[in-house]
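Trainee: Handing you this structure, nothing more for now.
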Amino acid sequence: MTGTTTTPSATTATPTTTCAGQIVSPPTDVVLPGCNLLADAYNVTTGDLRAVTGNEMCEFNSSICLPLPCPIDVVYGFLTCADLATKYSTSNNQVTLTQFLGWNKWILGDRSSLASSQRICIGSPGGSYVPDSTIVAPTGTGSYFTAATPALPTQTGTVAARGRYYDVVSGDTCNQIALVYGQLNSYLDDDCKNLWLSTSVCVAPVTVGPPSTDGTCGPSYSGTTCNGTLFGDCCSTSGYCGSSEAYCGFGNCVSGACETDQSIVSQDGSCGPDHDDLICVGSGFGDCCSIYGYCGSGSSYCGAGLCYSGECEADIGGPSVDGSCGPNFNGNKTCTGTQFGSCCSTSGYCGSTAEYCQGWEATGRQFEDGQFQPFWAAWEAIHDQLEAILYTDTIAFYKSALIPNTQPDVDDDYQYFFYFCSGLANPNAEFNWDATRALNNNQGGRYIVLYSLSYLESGHRVGVLLDQETGNAIMQPNLFSYDSRSPGLPWRPLEDVLQSFIDMINVNKFVAGRYKSDNTIPPLGMASPQYPWKLLSFSTEIVDLTLDAYRGLVKAIEDRMPPEEEDQAHLAQPLATNATLDQGKFPSKCFVRTFLTSAQHPRRVRYIAPGVTLPTEETLLNQPFKEFARQHRHASPSYGMPVADDEDPLYPPYLLFPAERDGQQVRTILLTGEEVEPTFEHPFSSLQDLPSGVYLDATRPWSGTAHEDASLLLLPYDVGGADGYAQYNDQVMFESPSKTDLYQTSVNPFTLGHRTQLHLILDSWRRMIEQGHWEVDSDGDTGGIDKFREVDQSADIARRYTADLHW
């Protein structure tokens, strides 16, 4: 599926005329790919991309010179550079901290606290030196007159009856094994990409001895053989030639025409790594072992992406040899039984951790134990109807997308494909036609509901819409969320929408577990439980994202402040202490407390944006909604909800970064004539005279759509409207003037709508400073709170005053 193209608007310096690495042209996709996707595409680090392009989003509109490619990995969790150097060391290759930092000159974050989700080099850019001369084993390979029994499974292509095997362990390379043994199986690639962990590889053949002249044979008799002799073709374990069961039977035969080990052939139709590595050839059930562990002979067993071993279709299906899998890569390989992990992610890579298997395996299942079928096969009865409305690429997607064979039972742990989506929708279902009728007016069946929404919304639920013509998608919670026919909606490539789901899992916005079976059902809140998924109102990873953005903003300011006459000692202090927050009655476990007690207070910076200050003890203790928070500690009970108690808290809006003008607090009057701009939900909507600044939105942390880091900038004046240029993050202009909509999103293409996450606003402010749009003096950011008025000067300036479009 392809879409329209455009050119990014960012500018970069002209590249040098000589590039020792990779010359990369600007992307032409309508949606900029972002740093991590570019890093994946060119095998470079996220930090290198930001350094070369000079901006947070890695945007560029002229060719750039990137380093040579390196093997990359993704940083997850709270790791240091030393941790990673240890992680990528092996018994044969010790990675030092100096080496690791040499590969990652622009690594993001402090060495003691690295930014999560960034791509890093785990080897030298451009590759390491590999000898090109023939390597000879130092002591020879020896002679082996009998076939050895491999201790571990062997790979496809291994020649039967080898004299010696080596068991591959973590850190091994073909070069290292060949140095010791002198040779390897011929099926191994020159670049050694298909050397599998936990397999036995041949390192010596069986030496063919001379034919027996007296009926004796085997290693006790100079390795003589029986083949072609008058004594019989089988050499027995006793060392004599013969042709009966006593000589040729399994267990009795050393060499020659020995009978096959029937113990490895399936006797009941089961096969593969979950069934003692039984094979199907000769089983009578079919010669193909499917990825689900059953023998057969049809396309469901031998077909594309469905065959594990046996007579699989040529170059299609079967185990991955390089970690790639699924329809995104040639061969449509599977992950079952590989060293990379058993689950194939939506990005097309094998793995076994949460981001690859989350959902299904979190409920105690193994992926291989599940009975799956392609979505297309499940609707075989209506193929004619579907082919009349579906595009070729959509059908190909349905043929590759697997779903459980049976509908989940009402008591099953596993109910939903993802928190927002119950699963793939029937394109021909009545609700699908209802949801897309207006959109498809005069468009045939161009638009379909690809994934139906889970029960997060009542009424006319929709889900993920797909434009079959462009391959773009968008989340529409229900028919009345917005008019899907509106021009300028932020449609995004389907893979970006699905990737956003993975990103939410990676930062633990959503976690999966056995909530039914272990009786830890999440509170109902405003939605039915989305088994096996649970939403977290915040997570450690989300706090880390925000802290990284805050540190980046402070550093950008400090780097541009005038130098001091002399250095002054400074004792590091957090933005707030737990004692202050306890006095202010802040909740004990919440995003705002975790952020304030973790973020360091810079010694010199007062303003982090024009007119926007850091919090003080006074502003934290005198929160504008302090009295409301005391009166409304719990959410209002609603039908079907338990009586409100401490398990169902309601957090008020928190003024995080107050605004000032000439050293005095600035206030916002929300009432204009008879109109009140809706800012916060009931009961906090009652206050219409508030301090200006950055607020964290009111939150029900137990609800089905909670985001404790959702934030907004409350300005003391209106921007946008008919006479202005102010726009939302999705580039839609304000229809009417607003004091609260700057840095917000009108339609979120990835998820249900919510206020913008704090780290996105902080990142936007950092870019304004780094790109020279905001100036810095001895107090920090200059210009005063009225600086934000410039958003209405032009469309170009308005675009600067937006945050990244994000889930």
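Using the three backbone atoms N, Cα and C, a Cβ is placed for every residue, glycine included.
What TrEMBL says about a protein is an automatic prediction, not a curated fact.
TrEMBL lists these features:
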- 214-260: domain 'Chitin-binding type-1' (DOMAIN)
- Cys234-Cys248: disulfide bond (DISULFID)
- 268-314: domain 'Chitin-binding type-1' (DOMAIN)
- Cys288-Cys302: disulfide bond (DISULFID)
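For the listed features, I'd like the structural context: burial, neighbours, distances.
Mentor: For the domain 'Chitin-binding type-1' (214-260), residue counts in helix, strand and coil come to 7 helix, 14 strand, 26 coil, using DSSP.
Within the same chain, residues at least six positions away from Cys248 (disulfide bond) with a Cβ under 8 Å of its Cβ are Gly232, Asp233, Cys234, Gly242, Gly256, Ala257, Cys258, Glu259.
According to its DSSP assignment, Cys302 (disulfide bond) is helical.
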Trainee: Check each residue in the chain of Cys288 (disulfide bond) that is at least six apart in sequence and keep those whose C-beta is under 8 Å from its C-beta; list them in sequence order.
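Mentor: Long-range Cβ contacts: Cys280, Cys295, Gly296, Ser297, Tyr301, Cys302, Cys307, Ser309, Gly310, Glu311, Cys312.
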Trainee: Within 10 Å of each Cβ, count the other Cβ atoms and name the one among the disulfide-bonded residues Cys234, Cys302 with the highest count.
Mentor: Cys234
Trainee: Taking DSSP states H, G and I as helix and E and B as strand, how many residues of the domain 'Chitin-binding type-1' (268-314) are helix, strand and coil?
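Mentor: Here the numbers are 4 helix, 14 strand, 29 coil.
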